[in-house]
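Colleague: Before we start, here is the structure in question, set down as structure tokens.
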């Protein structure tokens, strides 16, 4: 049994498209949803039709896993046909390069792929010759298939199965100016500062408890300050140089919940400044408080607007950032001397974070019953559950300057959150496409600062419970958290050296890296289309 996978538009149904012998084109097609943007044919990420079949499969499963609100994906129908010997398919079809473009009135490109596994009577193995001339520097292997003749296939044909409904965008031209790195500098760069500043705090505690040289935490703190200043300059330049793009994103509320990490990182910088000068720390503290107020207002104004406009509402782990920032305020305020502020912000931030956490668990349960699970790209966000619970414990110990029974229960709560996160990761990995590994992206820094924060917790716990087992446990967590940090910083430096850290991804506009468009690989060998893997994945 062979399969035909066809993308059609609502304006031209499958019956009309096939029976009118329209050309099935793969020219610069991208398929996107609210979180994902895919390019089916691009030499940077698909340099053969074998990899195309794998990419095609991953794209389907990725959309399936990420489309938590299927009603949003109604513009394009992804259909499959089981082909049998009664289908009259022209055996003489071959792939050939074509510069023919479909006019705007016929903007109905679709993608066809046929498994070559069973019957050779339906179609010969198709091949392409990438060496042929093509003026498109981006898509040197872009091809257009001659008309495939089918007997009448009605829209209600029993052979047809609608697999998925997704949004569709056909880019007739690809403007590389849209992919300049300054346009895609992400607020997630402040995750690096949070992790670095947290590492400085961890090593300061190590200095106090284990009497290590102070130069270590002072150096890390200085690096965190340099990182923060650099990130602020780069982000400001990105916003200013792409004002229209920035206004559009701010108006649309893109990643509004993530902006709170700016203030969170600023409070950490204020805490580092307290090592050097208390007056400077106080100034930075109140500036950070103003930034936190603005980012929280920004977040919840957009949240209220979504309710007013009757848009779908869901709680995501990034909502915890605002609560986490308030918890951090308590720790910094105690160090500066604002004890009353420390208790107020600690109490409010802790209660808020716990409530949001349980709302997210309810959301996960609802989606899980519908078969939707957190995709692999988003599992770093779940680490915030470990982060905020670690913040609660360490801040309370900082304010009280002792370890109480309630503090010990909070430490247990942090450990339970670690178990919860690991179980969530296991479910996501199990439900993810086989052999799919997300590319490195700044979102992966979400793994680092929660691990470092829990490392701070273990040091506090050992400080007031100096047993051998707690000492060994503390050493293990410190090693793991530092290993995670230096692994991520190495990957980040490597991505910067490749000049594609901030370029928009073909997978996720907000987080992921992009293929380098100027690194086109030519393959002088003819490559056969093989979509057996799609069939094996039960598409």
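Yeah, the Cβs are placed from backbone N, Cα and C, and that goes for glycine too.
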Colleague: Have a look at 137-160, 473-496 and point to the one annotated transmembrane segment in TrEMBL.
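Modeller: Transmembrane segment, as annotated by TrEMBL, spans 473-496.
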Colleague: Given 161-182, 315-336, which one carries TrEMBL's transmembrane segment label?
Modeller: 315-336
Colleague: From 342-362, 510-530, which range did TrEMBL mark with transmembrane segment?
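Modeller: Range annotated as transmembrane segment by TrEMBL: 342-362.
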Colleague: Sequence-remote contacts (6 or more beyond its ends) of the transmembrane segment (184-203), Cβ cut-off under 8 Å?
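Modeller: Those are 212, 216-217, 220-221, 223-224, 227-228, 231, 234-235, 237-238, 255, 258-259, 261-262, 264-265, 268-269, 271-272, 442-443, 445-446, 448-449, 452-453, 455-456, 459, 478, 481-482, 485, 488-489, 492, 502-504, 509-511, in sequence order.
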Colleague: Between the stretches 215-240, 315-336, 473-496, which wins on the count of C-beta pairs under 8 angstroms to the transmembrane segment (374-399)?
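Modeller: Comparing 215-240, 315-336, 473-496 against the transmembrane segment (374-399), the winner is 315-336.
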Colleague: Where else in the chain does the transmembrane segment (252-270) make close Cβ contacts, counting only residues six or more beyond its ends and a cut-off under 8 Å?
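Modeller: Same-chain residues near the transmembrane segment (252-270) but 6 or more away: 186-188, 190-191, 193-194, 197-198, 201, 224-225, 228, 281, 284-285, 287-289, 291-292, 295-296, 298-299, 302-303, 305-306, 316, 318-319, 321-322, 324-325, 328-329, 332, 336, 510.
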Colleague: So what's near the transmembrane segment (405-428) in sequence-distant terms, Cβ-Cβ under 8 Å and 6+ beyond its ends?
Modeller: 364, 368, 373-376, 378-379, 382-383, 385-386, 389-390, 392-393, 396-397, 454, 457, 461
Colleague: So what's near the transmembrane segment (440-461) in sequence-distant terms, Cβ-Cβ under 8 Å and 6+ beyond its ends?
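Modeller: That would be 186, 188-189, 191-192, 194-195, 198-199, 201-202, 205-206, 209, 377-378, 380-381, 383-387, 390-391, 393-394, 397, 403, 411, 414, 418, 470, 473-474, 477-478, 480-482, 484-485, 488, 491-492, 495, 501, 505, 508, 511-513.
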Colleague: Should anything in the same chain at least six residues away from the transmembrane segment (342-362) have a Cβ under 8 Å from its Cβ atoms, list it; otherwise answer none.
Modeller: 315-317, 319-320, 322-331, 333-334, 385, 388, 391-392, 395-396, 399
